[in-house]
Structure formats: structure tokens, C-alpha cells
Amino acid sequence: MARKTPIERYRNIGICAHVDAGKTTTTERVLFYTGLSHKIGEVHDGAATMDWMEQEQERGITITSAATTCFWAGMQQQFDQHRVNIIDTPGHVDFTIEVERSLRVLDGAVVVLCGSSGVQPQTETVWRQANKYEVPRMVFVNKMDRAGANFERVVKQLKDRLGATPVPLQMTIGAEDEFKGVVDLVKMKSIIWNEADQGMTFEYQEIPADLQEKCAKLREQLVEAAAEANDDYMNKYLEEGELTEEEIKAGIRARTLANEIVPVLGGSAFKNKGVQAVLDAVIEYLPSPTEVKAIEGILDDGETVAVRKSDDNEPFSALAFKIATDPFVGTLTFIRVYSGVLESGTGVYNPVKSKKERIGRMVQMHSNNREEIKEVRAGDIAAMIGLKDVTTGDTLCDPNNIITLERMEFPDPVISVAVEPKSKADQEKMGIALGKLAQEDPSFRVKTDEETGQTIISGMGELHLDIIVDRMRREFKVEANIGKPQVAYREAIRNTCEIEGKFVRQSGGRGQYGHVWIKFEPRAEGEGLEFVNEIVGGVVPKEYVPAIQKGIEEQMQNGILAGYPLLALKATVFDGSYHDVDSNEMAFKIAASMATKQLAGKGGAVLLEPIMKVEVVTPEENMGDVVGDLNRRRGLIQGMDESVSGKVVNAEVPLAEMFGYATDLRSATQGRATYTMEFAQYAEAPNNVAEAIISARSK
């Protein structure tokens, strides 16, 4: 089968935003105008097509990122048919992992901001993640019909709060109830959408007199930004003071792809104004798969770095970026194809698990509807049905050209709760349900507490775990009780010290002998164990060194103070001794573990607690109560700000003090204040807190 759409006409984009900026509504409108969904789904009545899990529709927030394919040829059919793959990403702080995972496989992003609340904490998080993956992006200032909406203020926030270089391609006409349409600064014409047909048609008009001066100034900035793309444009602009429409678009495109500027558009998705212009801008200013940096991976030898270009003739390679459980077909594995072609019925190799998989059915998703396809090609986003051993972040590749694309990094959970099935019948079902949910979501972990036998689930926040338990009930029909949330404390050492670990056991016949000297140091950067082998002269044979490392690692997991894992440690093994007959790997592992245990005293061990970055938006009259309450929770106020919706308080607060905060804040402010919270870092717990935790653990 030949390719239906040339790869240059593909756009793989994500629509990212803060909760409530109107992202799902924007995506809905995109699907409506591209002709796929005939009745516009509204989030307000729980009918949006992208939000396909029951819970999302109830809570009105997007949880899973569904991938949807649609086609667009321009507002005036001015382009050839383009294929736009949209990945809808959640904006809630507890689901940051979903956003990170989507950005990893996107080529470009549309960041939706609310015209009245502008740049919010989650926007900053998404922006940082997009910078990490070097994703070119544009901004859609939505909800221009809302009270307090102000396009220019949001543009200024992009510069001040995100350090971006925003370039408005439009100016909005009016705001709030008076919002009429936008001025296209490239054409210097107003665009007014027809309300009678839900904005399907529009007309160009002259710019309103009261906006002409402002638009002329913005137009000049736009042309200047385009001229900086190359010397030819710059020289022409300096000589003639103008560029053609084509040159402006080419200049803006080149600089957007280079991540130098961020084009900004405005509108109101809910009022059917501005979304088609966003689609045009996606085609004109965001990259095709061939215009982004080719993906790199490691070949089968585990060392050689190789590149896979976005080309059908290259060997097949793809990344599994999401696993979802579908009520009708079972497990869906969403993949982004980076290179080559794959037909259903053929085999692929998963180098991360060292397993072959046979591809059965493949589908392309439109939100919750699916279309069976026979093949996927470079640039495609599709879902595979029934893959057995694939988890998020795994590579799938041609078995004859093995490559491992870079793995995604997932943060460790910061909160845990014990869950218990309500009945014996739920016991088995709960195990299956939790296993499936953990496979879908790498930031969610399940383990059994060895001492109590309880099942412990861990995640990124209270809402995250609420939704997991809710999904167990709805999708898997498992009823469960939940314990009190537990904080994921960590341990660390303050001092550098040299410790001897010696394990000797003689009991007739063959004994055990392991002896090591290890220098332990706190690690300044990174997490986990940094292990250095400085043994010389064969005082400990090198085949025992991996066992020494394993002994240290296992003890780090079990902790030295209160049974919490050690966050970071540098260990250098520099001396020791062995016995020809009695030494073995087990003896050295135990010796290393014994040395690590002694860190509790000699290493100046301390307890670390997770600190959260909290932002509260509150009416001015409740400001004193909010700040007082945060101080009571051992919070450190980092700063205060003004926003349209009230005062903004930024603080860093220990997670242990934040349980039940939503309820307390609601009652203190009659439900008028809102807050967001995300993990910031681990910090040393004060003595009185640490002592209470250590004594509770040792009972």
C-alpha cells in the first residue's frame, strides 16, 4: 500500500494546558471543524468525545491522553490535505506524567491558556517539560469571552513568567461579552466568524478604527520577528520596511521550529471563534516529522548510538508511549512510529524486554471510535491490540535491525496508601485490576508490605490515587477500603566515613568469609548509588565486586534509620580480604550490607521528607487565614502575587502536612480559593518530626 498523505503533510501535535483553560473544548472544536464529529461535545454536560473515560466526564477533567487522527486543508481550503494527529494531554498536576509522556512523542504543541487567568503553575510545568524535549510550540489564548479576559496581559505573562519570546499573529477584537473575532496581523484583515453555523464560515472585514494603531504596531513587531530568520529577509526589511505575506510566514515558521519564538493566537473555543485559525497555524508554523531532530537510539551492542530518520525506507522503529485498557478489545498499546513501515501480521522485537511480539490488529483512534488499519508508516500514531509484554516507554523495532530508543524517565511516587478488598471475592480481582493499572501508568506503583501483608499503592498525589481506586470500582468492579495516606520518606547521610564490613562464619566444614572496607560519601547530584571500585592488587577478587555492590544496594532499599530507602549515596570499595575456600558471593554481599548498616551512626544519617510546591489563589479578604494556615503546616512562603482571580500565594510545604488541605481550604474560604500542588524536592526533616517518625517505625 502506498502512503496516502506525504510525510511532509503530517503534523503530530499535543494540546497542553492548565486545568480549566478549555483544552478539551478546543480539541472538540478541532474534531468538529475537521469533519469528524458532527455534534460538538461539551465538557459542561459531560459529552466531550476526547474525554472517554466515564470519570473524566463526571469530573470534567481529562485524565488519559487519547490520540486522534483528523484531516485539514485550511480555512479557505488553501492547503493540500494535511493529516493532523492530536494527542490530548491532561492538565491536572497529578497527571504531569501523562503530559511528559505525550510530549516525548510529539513534534509540536499548542499550549492553551485561559484569557483571564493566563499563565498558571501547571503551565510552567508543561513549559519546562516542553523545553526539555525541545518541542516547538504556539499559544492559543482561549476563553476571550470570559470576564476579565485580556489578550495583551497574557502575552506579557508569557514573556515574564515563562521567559518565552511571544509573537502575536493576531489581535483580539473586544473581550468578555464584546468579543467579536480577531485581526489577522499577517493579512491585516479582521476575521469575523458566522455564529449561525457554529463558526463553520467566516468573512474578512476591515480592521475596526479603534484598533488600527495598535495593530499597525503589532504588525511591525511581527514583520521584524520574521525578518530575523535570515540575512536576506533582514536586508529586504531594512531597505523596504516590509516583507511579503509568504516571507513573513516562512520567517515565523523557521524561527518557531528553531524554538526561538512562540506564535500567539486568540479566540474562544466555546463560542466557536478562532479554532480554525489555530488549525491553519498548526499547518503553517509547526513541524512535520521530517523537520524535527531525528530520533537516536542504542544498537544491539549496547554502546553504538544510531539515528533513525523519519523515512519509510529506514528499518522500523517505534516507541510505546501509552497503554490503555479498552472495555471491548482488551489492552491497547499506543505507539509513535519514528521510521520504516509495519504491516499487521508481522513480528516486531522489544529490546527492553528482549522479547518478540506478533502484531495482530492495529487501529487508529478517533477519540473513542476506532478504525482498523493494515499498516503503519513513519510519522504515524496508532494503537496495537493485544501486545503481551509491552510497557510504557518500551521500543518496538525490526527484529533484524535492533535499536533501543531512549527510555522515558518517570518520577518516583510521593504518596502511598494501603488498600484492602472489601470481600474475599474482590481479593483476586483487585490483584488483576492493580496489575493492569500499573502497566498503564508508570507513575503508579503497587507492592505488598512484607511485615503486614497489606497491598500498598503509591502515586503522584491524593487525586491520582483517588482516581485509581475509582477506576478499580468502575472498570474492574472491585470494591476496596483505603487506609490513611503515607508519606514516602527517604534517608540520607551527612558525613563521609570509612567503614569495615566483615562476615565470618565457621561451623564445621565449609565456612563463610567476606571482608571489605568501604568509603561512604553523601552524593551531591543525582539519586541512587554511585559505586566506585578502587580495589588494587587482587585483595578482593573481581568476581566478588558485583556482590559487594548488590549488598550495598539492597541495604539502601531497606534503609538504615527507619526503614526508608536511602535517596543517594556514593560508595567506594578500596580494601578487604578473602579466603581461598570460604569466600563466596553471598559472604561479600552480607559483609557490604553490614558495612552499610553502620552508616546510621557513623554516617550522620538523617530523615528526608518530600516538600511540595504549593500555589494558592485566594480572595484578598482570606489572605491572612491562608498564609497563617500554611505557616502552621510548616510551610515557607516563597512569594505573593496579584492575579485577576485574587491574591496568589506561593509556598513550599512538607507533603505530610498537606493531607486534607483541599477540605480545610474550602471551609476557610467558603470554597472561593483554589490550590495546586506538585513535588519540589526532598529536604531534611526537623529533629522533632524525624524522631516521632523513627520511634513510630520502631514499635
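Including glycine, each Cβ sits where the backbone N, Cα and C put it.
Residues or ranges marked as domain 'tr-type G' in Swiss-Prot: 8-290. Sequence annotations record features per position, and here Swiss-Prot assigns GTP binding site to 17-24, 88-92, 142-145.
The average pLDDT the prediction assigns to the domain 'tr-type G' (8-290) is 82. Under the three-state DSSP scheme, A17 (GTP binding site) falls in the strand class.
Cβ-based neighbour count (10 Å, all protein chains) for M144 (GTP binding site) stands at 30. There are 18 other CB atoms within 10 A of the CB of D20 (GTP binding site), with all protein chains counted. For A17 (GTP binding site), the count of additional Cβ atoms within 10 Å of its Cβ stands at 30 [all protein chains shown].
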